[in-house]
Amino acid sequence: ELLASARCRLQELWEERELLLSDARDCAARGQELEATVRDLCKPNEFERYMMFIGDLEKVVSLLLCLSSRLARVQNAMSRMDGSADAEEKQSLNERHQLLSRQREDAKDLKENLDRRERVVSGILAKYLTEQQLQDYQHFVQVKTSLLIEQKDLEEQIKFFEEQLENLEQSIP
């Protein structure tokens, strides 16, 4: 019964992933339309700033999510340790935790810088786009970020359930 439930949940997650991938394709299509509009209306250097911002948006958000996920796994491993764990393993986890914490702080700084750049790009676009086009741009940025977060969360859930299912299958004779 537990195996069937885990398989069912995993199937639901895979279906959810397909829907999310469809949403991501729609968002990418909107992004291409917006890119064409910005290319047509803005000066080349302004278009370049826009493109750099959009490219960096995905990279920085993905980096932050990845580091946060890895940090959470290390913290979980640390909390599961009991008093009998060897000192070398504890030290290794502590070092990884410190490194990931520093890296995540650096990534947060990158995100703050990206937010400042977004305000600059919005100011540039405000000179060229209609109010509706500007709202479409802002909506695109929000949706793109949300989709990245949802995708990462879903991938984590799928990975967790796949591991749980594998462990269950191995534990049943």
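All residue numbers here begin at 1 and follow the chain in the order shown.
Cβ from N, Cα, C; glycine included.
Taken from TrEMBL, the feature coiled coil applies to 90-120, 144-171. What TrEMBL records for 1-173 is domain 'ASD2'.
Beyond the coiled coil (90-120), the same-chain residues lying 6 or more positions past its ends with a Cβ under 8 Å from any Cβ of the stretch are 49, 52-53, 56-57, 60-61, 63-64, 67-68, 70-71, 74-75, 77-78, 81, 141. Taken as a whole, the coiled coil (90-120) shows an average pLDDT of 95 in this prediction.
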